[in-house]
Amino acid sequence: MGSKTPNDHRRGPNVESSPHAAIDTINPPKHAAASGLLHGPLEGETEDGEDEDDDKTGADLKSVGQLNNSTKKKNKRKKNKKKKKTLLGGLQTTPPRVALSSIFYDQRYPEAEIVGYTTNNDNLQRITAEEFRHLCVVNDMDDEFLNDYRKAAEVHRQVRQYVQTITKPGIAMSQLAQEIEDGVRALTDHQGIETGDALKAGMAFPTGLCLNNIGAHWTPNPGAKEVILQYDDVLKVDFGVHVNGRIVDSAYTMAFNPVYDDLLTAVKAATNTGLKEAGIDARIDCISEAIQEVMESYEVELNRKIIPVKAVRNITGHNILRYKIHGDKQVPFVKTHTNQRMEEGDIFAIETFGSTGKAYLDDDIGIYGYFCDEHASAAGLHHSSAKSLLKTIKDNFGTLVFSRRYLERLGVKSYHLGMRSLVSKGIVQSYAPLVDVPGSYVAQFEHTVLLRPNCKEVISRGDDY
């Protein structure tokens, strides 16, 4: 989910970088069996884990008749046990609706892409104050932290890989959003209906389904006109999954007309460049320049015109905090002046947006979602509807971004007046859709990366992108 660039964002001098080097993967992606999606007995074992050779002990002491009877009994016993192999325990359904806790029996979720750090001489100087400030974050990177993140990432992978198979011209945006959100809630095993349940696990923010020149922050809203996917559309799918507030934010773009292939290739390459350059002590301005250099080396031919792919200037990648999709650091896609560095323990959403238009996104009409200030107080609110709505928001979403669709799913009614009051008081912030000029096309790719002490883990990486 893109973070809008602040008004004082400035462009700066060039910094040399090498964005085209490949990422050295320490451990390649696991197959389904390796990641716990398939379960069965090991070779030479029964379903109960018994070794078949153990039954042979003492066989030479038996008579021939006893051996025959024993063999028949063992064959009969094995035949009955083989029936267990036909059960679907440990397998995912299509569409994915089995909670991951029922698939990964030991509740240990697979690692994502592990990448070793590349040491740069100019990055050896550490800043003691920043180390101290982030010490608590690093200490939180324990087994529970990693397992929560890996579970959220596995949910994201399974849901999106199914959704990609049904995303075709003619499908409604509301159906896609429903499939994604139903899948996430089923796999996390938290439907989010009971008070506070959505804070345990589920959607981290409303599903973003942005077409063509809509760059970010659009989702189907109740009562709005239905939008149907067309063959010539460029669709960006951006959704987040959280487990105990640990948010995985990842996005991809789909297009059916091959004329947009170079646009998608440019943006995907730029995102991978950002992931390669990311690391402990990495300078954010260097990462930004590397991203822009790669993205703007591409062109796309539309209507017999060669159009350069441009990096969007006023939306950025961002760090992620617990229960907060946008932290206090930003990663632009263009050259910039900043002294900020990435630090050990940081979690970043490395995303890039490329456009065939002016590459500057403006607010459009409508509302994508809402975000509640964690320090918000009901003091000063005069409308009872606003007070009641604020309590519902805090109890069910906290600081997670939510949409009108989520409120109505909870059974909240007649909330418009109360919401206007909360927004006007600055207690709740609204997000508008962000658009480039009409007739242009915007693409997006995004991954979440954990900057662990000894390596970085591209937690949302999958076989699809």
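Cβ atoms are placed via backbone N, Cα and C, with glycine included.
As annotated by Swiss-Prot, compositional bias 'Basic and acidic residues' applies to 1-13.
Taken from Swiss-Prot, the feature region 'Disordered' applies to 1-92.
Look at Swiss-Prot and you will find 44-55 tagged as compositional bias 'Acidic residues'.
For 71-86, the entry in Swiss-Prot reads compositional bias 'Basic residues'.
H326 (substrate binding site) carries neither a helix nor a strand DSSP state and counts as coil. The substrate binding site feature in Swiss-Prot is assigned to H217, H326.
The 10 Å shell around the Cβ of D238 (divalent metal cation 1 binding site) contains 26 further Cβ atoms across the protein chains shown. Look at Swiss-Prot and you will find D238, D249, E446 tagged as divalent metal cation 1 binding site, backed by sequence analysis.
According to Swiss-Prot, the feature divalent metal cation 2 binding site maps to D249, H318, E351, E446, an assignment based on sequence analysis. Counting every protein chain shown, the Cβ of E351 (divalent metal cation 2 binding site) has 29 other Cβ atoms within 10 Å.
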Cβ contacts of H217 (substrate binding site) (under 8 Å, same chain, 6 or more positions away): M1, G2, G208, C210, Y368, G369, Y431, A432, P433, L434
Additional residues surrounding divalent metal cation 2, by Cβ distance to the D249, H318, E351, E446 centre under 8 Å: M1, G2, S3, D238, S250, A251, G317, I320, F348, A349, I350, H447, T448
Of D238, H326, E446, i.e. the binding-site residues, those within 10 Å of H318 (divalent metal cation 2 binding site) when Cα atoms are compared: H326
CB within-chain contacts under 8 A for D249 (divalent metal cation 1 binding site), separation at least 6: M1, A204, F205, D238, G240, I320, I325, A349, E351, E446, T448, S460
Cβ-centroid neighbours of divalent metal cation 1 site D238, D249, E446, 8 Å, sequence order: M1, G2, G208, F239, G240, S250, A251, A349, E351, Q444, H447, T448
Secondary structure at H217 (substrate binding site), reduced by DSSP to three states: coil
Fewest other C-beta atoms within 10 angstroms, as judged across H318, H326, which are the binding-site residues: H326
